[in-house]
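A quick write-up on the structure given underneath.
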Amino acid sequence: MSSSGTSDLPVLPTDLKIQYTKIFINNEWHDSVSGKKFPVFNPATEEELCQVEEGDKADVDKAVKAARQAFQIGSPWRTMDASERGRLLYKLADLIERDRLLLATMESMNGGKLYSNAYLNDLAGCIKTLRYCAGWADKIQGRTIPIDGNFFTYTRHEPIGVCGQIIPWNFPLVMLIWKIGPALSCGNTVVVKPAEQTPLTALHVASLIKEAGFPPGVVNIVPGYGPTAGAAISSHMDIDKVAFTGSTEVGKLIKEAAGKSNLKRVTLELGGKSPCIVLADADLDNAVEFAHHGVFYHQGQCCIAASRIFVEESIYDEFVRRSVERAKKYILGNPLTPGATQGPQIDKEQYDKILDLIESGKKEGAKLECGGGPWGNKGYFVQPTVFSNVTDEMRIAKEEIFGPVQQIMKFKSLDDVIKRANNTFYGLSAGVFTNDIDKAVTISSALQAGTVWVNCYGVVTAQCPFGGFKMSGNGRELGEYGFHEYTEVKTVTVKISQKNS
């Protein structure tokens, strides 16, 4: 997930209008049952963009009813050929490609994401992911099993049913596609709750769902708050599975609610405090650049952020020097402004949390190399910050910061750094930089993380499974493994008169 250039960027639209602000159920737009709305803001200017209908339990109930009806045996969705499901997903990808400029602009304006990153990275990723999922629709298959006796046995990989999907604010459109793509490819129906900070692109995609020709009730989108709409999804007795991307704290609540209700299936992609280990024999320029983007991409608002950099003692000072030099190159500003290379944090809550953690680093004895405070008079901007001389017991070395703050630690031996890297509740991802293949394989095997990148960082594609160890979640998204999360395996055994080999 490295920053992109701007050479291929189309000119921003000057007349952007937000068309879709209502709840989407059964391919129709609805006001909230309560009549409530909530404001949506631009984090770069703190200005209100619009008011969106606020869904809660009553609206979730309506959406689940529609999704359940669409999933009934004999429904248009259940009787549709798998290849036709794939065709609908291809069509949706084409429509997103058609509206790519509009969606990227909206993502930047509502989420504080650099326009170049939104257009070149996020939208490109969404389109590729949908097409990948579309191709899988008619390739999800069971097996025949040669059991003992005069029987014919086979397995079916069936859709789970109604899936609740709760989307985070840091990658609103990407995570929406990660959720609905595999679910729909497998034949499920979905009830989606986008993050309250960033619901706009999901609601626009809802209009494209209808335009693509998905039957009513297959996709339903209910904007609202976590403690109301999100909790209603997690605890709903007629939702068969819930998938969530977000904080570990909220992930625990979702898993608890799933267990206390109907034991619905759960997939969680949660927080991280990912280690990045740089050995003395590494290509230093490459390591500095990947480690830098690993933590500063999207203002540090990434679950995979390389937020613990362990550098071998002999190259530590030079690594710090180059990292500080690189961090000082940022131009902060409105992410829609040409030339800006760092945008704002998503909201004041996150902004205050990041600044508090920066202050803790100063007080606990880390050396502030650059940054260390807010920027500007308006918007939630934080200076790119680098700390050296960080030790493992400091808050900035243990807690997920979710901001543009790099911690650089020193190590002497491989055994020591592996123990320190694994000494965390999290286990989402990790990086290793070395030119020694033996060390690369040894360290990669020892690290407790769902993804390990060697001599690179943040390479995430639709073909690869993604997910965490330990308290970074459970289950996998994307890749062939990701489709397993959206099917139930059924064994069917038929008595026959005679079995032949």
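Backbone N, Cα and C atoms are what each Cβ position is placed from, and that goes for glycine too.
Summarising the annotation, Swiss-Prot assigns N-acetylserine to S2 and lists similarity to another entry as the type of evidence. The N6-acetyllysine annotation in Swiss-Prot covers K91, K128, K252, K353, K367, K410, K419, K495. Residues annotated as NAD(+) binding site in Swiss-Prot: 167-170, 193-196, 226-227, 246-247, 269-271, 349-353, 400-402. Among the features that Swiss-Prot reports, site 'Transition state stabilizer' is placed at N170. Taken from Swiss-Prot, the feature active site, proton acceptor covers E269, and the record attributes it to sequence analysis. Residues or ranges marked as active site, nucleophile by Swiss-Prot: C303. The region 'Mediates interaction with PRMT3' feature in Swiss-Prot is assigned to 336-501; the stated evidence is similarity to another entry. The feature phosphothreonine is assigned by Swiss-Prot to T337. Among the features that Swiss-Prot reports, phosphoserine is placed at S413.
It is 32 Å from the Cα atom of E269 (NAD(+) binding site) to that of K367 (N6-acetyllysine). For the modified residues K91, K252, K419, counting C-beta atoms within 10 A of each C-beta gives the highest total at K91.
For E349 (NAD(+) binding site), the nearest neighbour among the listed modified residues (K91, K367, S413, K419, K495), judged by C-alpha distance, is K367. If you measure from the Cα atom of K353 (N6-acetyllysine) to that of K410 (N6-acetyllysine), you get 26 Å.
Geometry remark: K367 (N6-acetyllysine) versus I401 (NAD(+) binding site), CA distance 17 Å. When the Cα of K410 (N6-acetyllysine) is compared against those of the recorded positions K91, C303, T337, the shortest separation belongs to C303. Summary for the recorded positions N170, T337, S413: the Cβ-based neighbour count within 10 Å is maximal at N170. Around K495 (N6-acetyllysine), the C-beta neighbours below 8 angstroms that are at least 6 residues distant in the chain are N150, F151.
For C303 (active site, nucleophile), applying a Cβ distance below 8 Å and a minimum sequence separation of six or more within one chain yields N170, T245, E269, L270, G271, G272, L428, S472. The Cα atom of I167 (NAD(+) binding site) lies nearest to that of K252, taking the modified residues K91, K128, K252, S413 as the candidates.
Closest to K91 (N6-acetyllysine) in space, going by CA atoms and restricting to the recorded positions T337, I401, S413, is T337. The binding-site residues listed here are E269, E349, D352; among them, E269 has the most other Cβ atoms within 10 Å of its own Cβ.
The local packing around A195 (NAD(+) binding site), expressed as other Cβ atoms within 10 Å of its Cβ over all shown chains, amounts to 24.
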